[in-house]
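J.: Below you will find the structure I want to go over with you.
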Amino acid sequence: MVEGGIGKADKTQFTELWNTIRRNPYIAKLAFSAGIGGLLFGYDTGVISGALLYIRDDFDEVDRKTWLQEVIVSMAVAGAIFGAGVGGWINDRFGRKISILIADVLFFVGAILMAVAPGPWMIIIGRIFVGLGVGMASMTAPLYISEASPARIRGALVATNGLLITGGQFISYLINLAFTKAPGTWRWMLGIAGVPALVQFLLMLTLPESPRWLYRQADEEAIGENIIARLKGAFGNKVVRRGLYAGVTVQVAQQFSGINTVMYYSPTIVQFAGFASKQTAMALSLITSGLNAVGTVVSMGFVDKFGRRRLMLISQIGIIACLVVLSILFFQAASHAPKINQFESIHFATNATCPSYLSAVNPSSWNCMTCLKATCGFCANGASEYSPGACLAKMDDLADTCQGQHRTWFKDGCPSKFGLWAVLFLGLYIICYAPGMGTVPWIVNSEIYPLRYRGFGGGVAAVANWVSNLLVSLTFLTLTKALGSSGTFLLFAGICLIALIFIYWFVPETKGLQFEEVEKMLEVGYRPKAFRRKSKGDTDKPVPA
């Protein structure tokens, strides 16, 4: 089931993929079974965004403490860092199949713990278990699929894992919407994640080990038995080192595009844009998640035709443009937020006024956004949400009183005429992200390392991905409070510009190449075409870096 001859990757279309699968359906079964690890990855990324809204309702301390919300979200990422690191060693020592089976068990246990959690502490423990499983699956599934795929359609088959990641995110939003009115809301949202883990465990029992991993066992002594020997061997090998430059670059760039803050906090971001209803926020988030899945299908059709490098560069340029526009829109929304009605704020109800508003030096300058930054709530005007409203203490009974008067209660974002535009560009951002930076980094990391270091290299790059994910997700809500939504998106845009330069300089094209050809290319070294030293009759040959 390893690669055949060199195919002309520039002619690879969906038809080539489907024809191969039709001739050999076993490839489809293998890609789908292993790719369920991607579905687990995607489901966990998406489900916590909706579940968090209801966890906050059940536990007052979670609602009051931003850092506790960030810990609940980020502990899965912390677990994934360790899972990806250990997963690299388990992959090389015990094989790809065993790694996926262990990941399934960890994920299943974590899902059950979260579903029955009596308090935030058990949710956090469950998130750590889920993270361990997701971390192992995230780097193992692309590796397993890649090593059993023909070179001419390898990119499209590995992108199946990406499709199931985005499909998992889409399903998570459907599940979130389905359980908004059910007793136990977030418990169902988090607990049902154990089902696909169980399905994958059973399917993987029917599949063989990766043929390339089995072949590599004869080469075990060449790289050493212990982790120290492996580290020294990897960083002392210029091919592996250059592969890591490319692999780590694209994984870090993927996370600093801000994508997982969009997926983890998507309903919250929609509320920042001025949509107060939780159901509306999750419904709009469902649309962005669906666009992510559609973009991944596009990637499957073009990654073996146009190449990995080109898709990532185009994707990154689109991401930067969308983040800049989103920054401008959120700035305009904050600047044009409804004013505060001083009379209503003071006379709305007994002891109802926002304390910071009462002590403000110049309360007449306050608007809805100033009110929310003071950790208070905004009760919109009954006649029009865009007219001056009341700035009140952030209390559940005041929210109920406000809504009882057929007015809208805002605590995360302000009513804004720019809100719909912000959601539209959030969707465009997803469309730019998904076909390139969404799937291609995992494809690159499944094929850019020499066979004997593939588990190690994939593990290092996956750790870099999850560390970046942790940094971004752990600081996102804090950044929005400190810089505002506008400043946060502009910061991401600046980081993405730096990442674009790194991708251009360090990441070579690997479409349609055998693994051995990729290794030879890195042996010579890679530089962008514009910076290569040209010699007579050898204009395209890479020059040692």
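Here the Cβ of each residue, glycine as well, is placed from N, Cα and C on the backbone.
Nobody curates TrEMBL annotations by hand; they come from automatic prediction.
Positions annotated as domain 'Major facilitator superfamily (MFS) profile' by TrEMBL: 30-511. Residues annotated as transmembrane segment in TrEMBL: 30-55, 67-86, 98-117, 123-145, 157-179, 185-207, 281-301, 313-331, 418-444, 456-477, 489-507.
Each of the listed features needs to be described in terms of its position in the shown structure.
T.: Across the domain 'Major facilitator superfamily (MFS) profile' (30-511), mean pLDDT in this model comes to 84.
Below 8 angstroms of C-beta separation, residues 30-31, 34-38, 40-41, 44, 48, 55, 71-73, 75-88, 90-91, 96-97, 99-100, 102-115, 117, 157-158, 160-161, 190, 193, 197, 210, 442-443, 445-446, 454-455, 458-459, 461-462, 465-466 of the same chain, each at least six residues beyond the ends of the transmembrane segment (123-145), sit close to that stretch.
Long-range contacts of the transmembrane segment (313-331) within the same chain, counting only residues at least 6 positions beyond its ends with a Cβ under 8 Å from a Cβ of the stretch, are 253, 257-258, 272-273, 418, 421-422, 425-426, 428-429, 431-433, 435-438, 440, 484-487, 489-490, 492-493, 496-497, 499-500, 503-504.
For the transmembrane segment (456-477), the list of distant contacts is 66, 69-71, 73-74, 77-78, 80-81, 84-89, 91-92, 135, 138-140, 142-143, 230, 234, 240, 243-244, 247-248, 250-252, 254-256, 258, 260-261, 264-265, 268, 441, 445-446, 448-449, 488: same-chain residues at least six beyond its ends, Cβ to Cβ under 8 Å.
Sequence-distant contacts of the transmembrane segment (489-507) (same chain, at least 6 residues past either end, Cβ-Cβ under 8 Å): 245-246, 249-250, 252-253, 256-258, 308-309, 312-313, 316-317, 319-320, 323-324, 326-327, 330, 444, 479, 483, 526-528.
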